[in-house]
Amino acid sequence: MSTTLAGILFIGSLLMALAVVYRPLGDYMYRVYTRPSHSRVERAVYRTVGADPDGEQTWGAYARSVLAFALVGILFLYGFQRLQNHLPLSLGRTPVKPDQAWNTAVSFVTNTNWQSYSGETTMGHLVQMSGLAVQNFVSAAMGMCVAVALIRGFVRKKTGHLGNFWVDLTRTCVRILLPIAFAAAIVLIAGGLVQNFGGGHVADTLTGAHQQIPGGPVASQEAIKELGTNGGGFYNANSAHPFENATAWTNWLEILLILVIPFSLCRTFGRMVGQNRQGYAILAVMGGIALVSVTLLNVFQLTHHGTVPAAAGGSMEGVEMRFGVANSATFAGATTLTSTGAVDSFHDSYTSLGGMMTLLNMMLGEVAPGGTGSGLYGMLILAVVTVFVAGLMVGRTPEYLGKKIGSREIKFAAMYFLSTPVLVLGGTAVALAVPDGRAGMLNRGAHGFSEVLYAFTSASNNNGSAFAGLTVNTVFYDTALGLCMALGRFLPIVFVLALAGSLARQGRVPESAGTLPTHRPQFAGMLAGVTVVLVALTFLPALALGPLAEGIRS
Amino acid sequence: MRTQPGLLAPRQLLRSLPDACRKLDPRTLWRNPVMFIVEIGAVWTTVLAALHPSVFGWLIVGWLWLTVVFANLAEAVAEGRGEAQAESLRRAKADVVARRLTGDPDTPEERIPAPELRRGDHVVVEAGQIIPGDGDVVEGIAGVDESAITGESAPVIRESGGDRSAVTGGTRVLSDRIVVRITQEPGKSFVDRMIALVEGASRQKTPNEIALNILLAALTIVFLLAVATLQPMAIYAKDVNPGVPASPALGEHGVAGVVLVSLLVCLIPTTIGALLSAIGIAGMDRLVQRNVLATSGRAVEAAGDVGTLLLDKTGTITLGNRQAAAFLRVAGTPEDELADAAQLSSLADETPEGRSVVVFAKQRYGLRERTPGELTHATWVPFTAQTRMSGVDLDDPKRSLRKGAAGAVADWVRGHGGDVPAELARIADGISASGGTPLAVGEAVDGSARVLGVVHLKDVVKEGMRERFGEMRRMGIRTVMITGDNPLTAKAIADEAGVDDYLAEARPEDKLALIRTEQAGGRLVAMTGDGTNDAPALAQADVGVAMNTGTSAAKEAGNMVDLDSDPTKLIEIVEIGKQLLITRGALTTFSIANDVAKYFAIIPALFAGLYPGLAALNVMRLHSPQSAILSAVVFNALVIVALIPPALRGVPYRPGGASRLLSRNLAVYGLGGLAAPFAGIKLIDLLVRYLPGMS
Amino acid sequence: MRYPRWLRLHLAALRALLVLTAVLGVAYPLAVYAVGRLPGLHDQAGGSFVELDGRTVGSALIGQSFTGPDGKPLKRYFQSRPSSGGHDPMASGASNLGPEDVVDRPGRQSLLTQVCVRSKAIGELNGVSGARPFCTPGGAGAVLAVFGPRAADGTVPRPTRVVSVNESHTPFMASYKGVRVEPARPGEDYAKGLVVPVRGDAPADPAVPPDAVTASGSGLDPDISPAYAAIQAGRVAQARGVPPAQVERLIKEQGRALGFMGEPTVNVLKLNIALDRAYPAR
């Protein structure tokens, strides 16, 4: 079988698997978010928290809860890292230095999981499993909560209430993420992932040398790292490390885990708004963009253009043999199209245009399908913008799902889609203007620029993957990227919730023949077009000076 | 006042040029953030060009200023068109003297200038005089020439009481004498409002326009950011390519200011930013052209959103009156005889129904219309409300004919010794059930009387209404017919006309309740009305169109006034509302789609020297970096001028489903917007390459 | 005592975090660990260690170096892929060098030169051609810095000076566009020249396969391609004094998972263990 055919089958089988779980998982999540009853464990949680599970929150209260939980999470994780030498299972690791601890805390709470540290030498097991991995759960859940609150904004009428954050958070963790992660972790162990609490094992190699092989509770963390579109690796090499991703089929499974919730949430969305076809429309846009992107990425990688890939005879630099170029490209597509940031191969060494695709995927705002929850709400924001322009073109005040898109709604949507470009472009510009920023580049010229652009794109979009040549463990990058991650996560969340509040207050406009149908290919096509054109227009100059400058040969 | 909507003449552009230049004043321009930024850019590049003069620099500066002027021109032209109308209105209200009644028996009347009239004053107006202000006729009846306002030369009747009592200042009494109670405050007359409206002085941004402005502002910020951050990126790129000599566009200190501003101006949505206010003004103008005055732009926009249209049956859906549609025989009366009798008995009936019987007899049976004087020895019995019959008594041979309400004629036949067959009741009931009105025709000859047959009167639906309502349905608008008829009749007409629903035996409060229910369901409601009792409903409706013939109360309550008093105008108003939104949406799409090509012109022009590969992006094969940048700027400016006509005329609107409409507009303005600049910039490049400083 | 509202909110958030940490950060990994103790999962969860003669020689999943104390490859062993971390599991990671990293800098070889150097060495070690596109016969990146006036499209149509930037000896080509090519002088900065990689006439599909000349992502890649194993077989056989066919028989090609996932591989550690078992080193 040729590599190309195998690569196509690899993508095709992923699509099939996603199609198979789309309905059951989407329906299940729908029930999780709409059923009134609470389980005993959940009641215990609510009692501890002191929250009334049946009391609903306004958008403001919901947002305050989200922010309070995030703030506590950051402080807790910061303290955890700083004090790790006093805790069990620390493997004798020293405290993480302050700027790196701040960066890492923000990174995990914001679902970015950017790694400015090297897992095997910096973090003890307890920090990994009880600090970082917990945020893998709750930061993913937070995105889903916000997405569900936004959907409720569309569904409900004439109310200020969007649900209860504590209930949504607990249910997401306990009923959705935990069972899937548990099952996935067991399967991953079968594939070769480690799950132990040892400090490492020294092997006497065949040649008589010593090789220290680390252990750790990797499988449990790997499962939620992919499922929650987090991406922070247990080891420095992330999912390229054989203990994080042992075989070609664990690679397949990890991609599936990355994509499964973001795609299936479309079903949940369709069910909640009472029109499955609306979910399919969003799914089609996400799926269409994703498929085109992954295909291009595969093509660029397999044609291995550029000097070094041509010299090597394949884009194998930074790529693991067991995955090969094609499946690595697919993984790279999945991780950058979502807010995952896990890598099973190193994007910095990709072909210029292949690397550009990973960058472009994140620049899309991670909406195809995006992070857990964050992808859906990002896409819905774009749908609001699209509906606005398209709605005007059919001669009516634009409506989406029965809600009028007026100046208040457009204001929040506009602030949403403004926030990431401001951080990405602003951050990159600052980094290029100050010596500390330029100093971190590993590569020179256009590629060095790409490294910086990639770092700010990844941080601001909460992806977490990197053109890893950039030395980011410096005070400048730890601080600046930490800020980008925090603002890139929480500003949009606040705008989304404000929009949800504004939508929920409205009544519902009944559908008529004059209403723009938002479930047809026409609208889906336009939404995809708006997504791509807005991004292209915003980032083309930057891309021209980075990957395009490097990748196009005259 | 109808002005020629016509095409945009170059003369009109020239005439508006001074106005356009006056609008360069930043104090007025800052209201349009997009163009304000262009102006700031133009000022800055002017300074730069003055400090480091070059042909290229000055060319860019010139075209940047032209961009702003063109944008102002669009607005000035739109306003200029209103000005002509305002002028003719001002003439109508010039120097009128009012004859105010004082209530003092000695000097019952005093002459004061019209502008001094206050609400509640009574004035007297006689034939030949101009009515000094808006008000209601409280005494008398008069023919009034309202052509100054409506453009209709046929006089209309205005009388005290009832729904035809309102008169408008500036119109002329042609006959008789009326007393008018003034209902306006000084300076707030109808004509004043109209002038303000057509001049665009009272224009406020409508909700959708505000929302669109927010979106445009956001896009502007994005591009501002993209351009501003390009500078450090460019400096870095230059630094890492020390072997590349500085070019006019890109030097040691990054991208030249002139080029940076050019890029910014090309990217921010200048096209829609320039035309947005002109589109709004022109939209109102189109309404005025159709003799509709909207008191707020919000109402025009709401018209595009209308989900339910309430239409009065009479005059809107049906012709004003019922008409004979069939003669039905009873007890074997020959058809000709029935027709003859029906005609004869209706000759003295001057009601529209009676006339329709005569007309029907002539059209269907070829019966010549006879005049009452033609028959000798005939005593004509006119229709009265008491007898509910009309007819004729002939002496030779002695014969009486009656036509009228079935019950009345039956009684009359019995009174003349005849029998009334059961068939009559059956036929009459059948007609009633179908929504028609049965009129019986009876004959009495020599002491014996009989029923000859029945005339079927029915409402005649205006031609083309069915298609119109079909269109409405495809546009997603529900039509509801309002009628005072009983439900049976109402249903029959509703079915025939093809409306979606009807409200029978409607009282004003029912109408109000219906509007509230529709609104509670999230639909916007439009209606027309003229009577005082329509006022609450007009006020409640989202779009309330008052007939100009109606009462002042109705005109106050509604948010639009139709000077032609044509209830079907509502449909056009809806279309204008939609067209306004479509034009905005289409030009926004066009504006954004344009940017793609401009990138392909400017990015390679800037950076191909640093990174030779980027020359591949120069898909238009433009002559030189300078010519590429200049061509993009020139195209950006010219496209504004090119789009002034569609902005003012509105994007053509064809009723139909939303999907079809969107496909069409996307194809024209989305794909067209992508493709047009590639061709346009290339063409301009072919010309400007011969200018000095282009290589 | 009653706390202000904002403080109560944050205390509630803290309680929520703590209770969720107990469930997700303690109970969950322990439960996975417990299941991982079951037979069938136990070995993998422990680290897939492999033993030879009773001693743990490494993990089947973790690649290692088969070099001598001098860093030179031991001829009797199949060689792993290059690793940017020297196959140290405590320093996993990749080179992160870009696809156009073609100019050597003081103290750091460009990625192109690394590829060329490896290719040449592997070719020599295994008796095949080490030639590659964009590589000089001497095993460096074939890259010129071209000086001269730039055209509008950024190219240098009429060079005045040409330097082979990665070679300090006789350049791989004598002249470029009619200008003599100079060797690079150490310490001289050629940043002002236009960088022009020269393809040369090596086949696009060189004898030494791509995985042999590129560093893996983890630096711990346990596998090589069957093609790389194939070119090594003869050399290993020779070193061990056995017929090549017998060595080739030990090469266990691991096909794609389910027939379409990943690429066919050969696990180097397992192969070398099998070799040591079958033909213990003399």
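If you go along the chain as it appears here, the first residue is 1 and each next one adds 1.
Each Cβ is built from the backbone N, Cα and C atoms, and glycine gets one as well.
Pulled from TrEMBL, these are the features on record:
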TRANSMEM  A:61-80  transmembrane segment
TRANSMEM  A:137-155  transmembrane segment
TRANSMEM  A:176-194  transmembrane segment
TRANSMEM  A:249-268  transmembrane segment
TRANSMEM  A:280-300  transmembrane segment
TRANSMEM  A:376-394  transmembrane segment
TRANSMEM  A:415-434  transmembrane segment
TRANSMEM  A:480-503  transmembrane segment
TRANSMEM  A:523-544  transmembrane segment
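Ranked by Cβ pairs under 8 Å to the transmembrane segment (A:176-194), the stretches A:61-80, A:137-155, A:415-434, A:523-544 are led by A:137-155. Across A:61-80, A:249-268, A:280-300, A:376-394, A:415-434, stretch A:415-434 shows the highest tally of CB pairs under 8 A with the transmembrane segment (A:480-503). Segment contact is absent for the transmembrane segment (A:137-155) and the transmembrane segment (A:415-434), given fewer than three CB pairs below 8 angstroms at sequence separation of 6 or more. Ranking A:61-80, A:280-300, A:376-394, A:523-544 by CB pairs under 8 A with the transmembrane segment (A:415-434) puts A:523-544 at the top. Only residues 6 or more beyond the boundaries of the transmembrane segment (A:61-80), in the same chain, are considered here, and those with a CB under 8 A from a CB of the stretch are 87, 101-102, 104-106, 108-110, 127, 130-132, 135, 138-139, 142, 145-146, 149, 162-166, 169, 486, 489-490, 493-494, 497-498. Cβ atoms under 8 Å from those of the transmembrane segment (A:523-544) belong to residues 281-282, 284-285, 288-289, 356, 359-360, 363-365, 367-368, 379, 382-383, 385-386, 389-390, 417, 421, 424-425, 428, 453, 516-517 of the same chain, restricted to positions at least 6 beyond its ends.
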